[in-house]
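Working notes, beginning with the structure itself.
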Amino acid sequence: MALVSSAPKSCLHKSLIRSTHHELKPLRRTIPTLGMCRRGKSFTPSVSMSLTTAVSDDGLQRRIGDYHSNLWDDDFIQSLSTPYGEPSYRERAEKLIGEVKEMFNSMPSEDGESMSPLNDLIERLWMVDSVERLGIDRHFKKEIKSALDYVYSYWNEKGIGCGRDSVFPDVNSTASGFRTLRLHGYSVSSEVLKVFQDQNGQFAFSPSTKERDIRTVLNLYRASFIAFPGEKVMEEAEIFSSRYLKEAVQKIPVSSLSQEIDYTLEYGWHTNMPRLETRNYLDVFGHPTSPWLKKKRTQYLDSEKLLELAKLEFNIFHSLQQKELQYLSRWWIHSGLPELTFGRHRHVEYYTLSSCIATEPKHSAFRLGFAKTCHLITVLDDIYDTFGTMDEIELFNEAVRRWNPSEKERLPEYMKEIYMALYEALTDMAREAEKTQGRDTLNYARKAWEVYLDSYTQEAKWIASGYLPTFEEYLENAKVSSGHRAAALTPLLTLDVPLPDDVLKGIDFPSRFNDLASSFLRLRGDTRCYKADRDRGEEASSISCYMKDNPGLTEEDALNHINAMINDIIKELNWELLKPDSNIPMTARKHAYEITRAFHQLYKYRDGFSVATQETKSLVRRTVLEPVPL
């Protein structure tokens, strides 16, 4: 079972871009500044560097977060250009796609006519792994399934060797096969890894600087990421292999192998994203010391053609990203949202996330919808947590419940633009969703947003009253206020897979998947944001509430507990993604799962949205703004 759905060959899909451009409306009017923050002398010092107070034009003293402004000027975004949308690049890519298919088809078969069976299993696994990490697997779904069916036909409880006639299984082939087969929905047990442990449960590897030995442990480490709950051997494999690799990388010269180890140790699996991995692997695969390019051509494999195709596909998609980003930036300008100077404007960063996880050209509606929705969520978060008054928040909630453009007239001036932006974004996404779902999903989505805003309101009440809830009370509300459901629901409905209500409930509220993903997002966010949130007057976090329930615990104790919860959730999410009896299309499961990976990556070092000037800025450049050299 493939993790990525099939897609038509065309990489440009200009029709959506053209249609969305026509939907852009001119700025409705000059936007008044009533309710905006007066920058400058109206700021008054506060007790924290993370919180500032400002006097708004209506005379109220309001709390605002001390966030940096938008990093990506619209003029800069509109000036972006690339030649990779030209037909000649697409034509060359199509030719290479055909040649790579021939590589798959010429692999050794059971009759042994194509090649000796000494390496027929590991070569298939290497090809599948390579096209996936290079970001070109969508073109080879049939070939990948055929290759993995072949490998699986020789799989047994003791693992596999390099070839079908191998007398003994080996760690490298077995770990690679286990990881790839499990990710594609084949039934494989982690018990197979116990074959390579001694009687004390230790993996029998001596320290080595040989590339073959180190790469074997690297593949064991990669396999350990795809753990399900209760798989102790996977935990043991991760502990052993991570320690081994950290020691080994210090002893080998800088090379494609050291670069690959550093990246894998840094990002693992659940803090990674498909396009980010592709961008890194292009450097690894094309490194002068790469063993794959050293081989260059074998009887059926041409690594240079794989690399050329991957670079072309990366850059062709890059041309589509530019068009979508230019549309999104115009939407942001025309929406009036830039006038809300107290808010975090991170539409470019959210688009980067969406295009790093939804890498098929045909999923433009998902990418743009996710970016819009997340940006609206962030601005509303700044209103509900800091800038807005309780009376204003209740007015906004009522306007969303009534769901009529005329409701904006009852709102404060600064809320009118965000209300209309939300109204128009959800309405537009519902139209896109109707094309694939065959029904109007707007009311369903709107109800989800009502619940979401109610959870925000609860947090605002806690802030206003200084109330610190119990951990259970906090987490129950936080599963909704994390925003995962609001961010994911409507974009998922735009995917090209039917999600009738009975199926949708298996991935949306009240499903186990939604519960886990929402809990994960809030808990991971808390571990990175709780100190800054506390400085802004937001006392309630999973850390503080857990400490309240358990007097005598330190912050470090609470953090350790929350991180342990996160690790358990990741394993349960792996199961929800890959369990064999799910009736939810893999495309929908995969995109919902990728959203958790994306947010995990952004929260890896810090709150990468509030502070988007460091790793997040680099992510935008490497995966969206810059093509790779051909």
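Cβ coordinates come from backbone N, Cα and C, glycine included.
According to Swiss-Prot, the transit peptide annotation covers 1-48.
Taken from Swiss-Prot, the feature Mg(2+) 1 binding site covers Asp381, Asp385, and the record attributes it to similarity to another entry. In the three-state DSSP scheme, Asp385 (Mg(2+) 1 binding site) falls into the helix class.
Taken from Swiss-Prot, the feature Mg(2+) 2 binding site applies to Asp381, Asp385. The number of other CB atoms found within 10 A of the CB of Asp381 (Mg(2+) 1 binding site), across every protein chain shown, is 18.
Taken from Swiss-Prot, the feature motif 'DDXXD motif' applies to 381-385.
Within the same chain, residues at least 6 positions away in sequence whose Cβ sits under 8 Å from that of Asp533 (Mg(2+) 3 binding site) are Ser541. According to Swiss-Prot, the Mg(2+) 3 binding site annotation covers Asp533.
Its Cβ taken as reference, Asp385 (Mg(2+) 1 binding site) is surrounded by 19 other Cβ atoms within 10 Å in the chains shown.
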